[in-house]
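Swiss-Prot has this to say about the protein:
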BINDING   His13, Leu15, Gly40, Glu62, Asp87, Asn108  S-adenosyl-L-methionine binding site
Amino acid sequence: MNKIKPKKRLGQHFLISKNVIEKIVDEINISKEDIIVEIGPGTGALTEEILLRNPKILYAIEIDTSVHPVLEEKFSIYSNFKLIKSDFFDVNLYELISDEEKIKLVGNLPYNVASLMIIDCAFKLDILEFCVFMIQKEVAEKLIAKPKTKDYTFLSVFIQTFFDIKYVMSVPARFFNPPPKVTSAVVKLTPKQNIAINNVKKYKNFISHLFQNRRKMIKSKIEEEMLNKAGISPNLRAEELSVEDFIRIFGVVENDDR
């Protein structure tokens with residue numbers, strides 16, 4: 001296993017702290033009925049702890065061909081372990097479950113695509129029980145940011161629309177191989193119920209549009225008549241609006257488009 005070198009191009013930093021691994025798996029709260037999907041298992045440190053807790057099945061999605069033999073050998077004794085040799089974005093999670101089953105999605109996400117992976121989760125709400133991710137602390141702070149703060153961005157609004165977010169803990173660089181140049185964090189994302197957004201892709205584009213030139217007043221992006229219908233001052237900037245404000249404006253715009 002020591003021969004496996006983390007690949008910079010894949011944004012790999014392997015978690016090596018047993019204590020942190022156990023805390024992450026505690027947060028997953030595994031039962032024997034659970035279907036767990038792990039993104040980027042690497043050499044299997046988190047994978048091993050998950051399997052020790054005996055879920056119904058663990059699918060490990062790994063793009064790096066150099067670790068495939070390591071994972072296959074290490075976990076060959078587990079009948080509930082399935083390795084998917086693929087890019088996460090090419091895997092259809094819906095094919096891994098039966099009707100009404102849900103997935104616990106976990107992983108130490110590659111820093112270079114973590115935000116894209118989290119955004120992708122908003123398009124799979126109906127099959128996710130929750131997500132537990134290790135990500136860059138800077139990204140985690142954006143996920144939980146409030147209006148009128150520097151960390152409040154498109155990502156904050158979009159993800160807070162669809163998920164309740166728990167900041168579990170910070171993880172120093174020394175707990176990884178190689179140590180990243182930044183601090184990491186563990187977050188838990190639980191899908192909200194009864195979300196008033198029917199077209200997630202359109203909503204995503206809408207939020208992204210409003211956050212372009214975030215210091216500009218929103219009346220430069222949305223007709224004042226629409227803003228008045230939504231009960232929003234046209235002189236506000238995107239960074240000053242709450243998640244509820246964005247949802248309300250989008251609802252008015254959607255109705256007008258019909």
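Keep in mind that glycine also has a Cβ here, set from the backbone N, Cα and C atoms.
Keep in mind the model is a prediction, meaning the values are calculated, not measured.
Here Asp87 (S-adenosyl-L-methionine binding site) comes close to Ile61, Ile63: these same-chain residues lie at least six apart in sequence, with C-beta atoms under 8 angstroms from its C-beta. Secondary structure at Asn108 (S-adenosyl-L-methionine binding site), as computed by DSSP, is strand.
DSSP gives Gly40 (S-adenosyl-L-methionine binding site) a coil state; it is part of no helix or strand.
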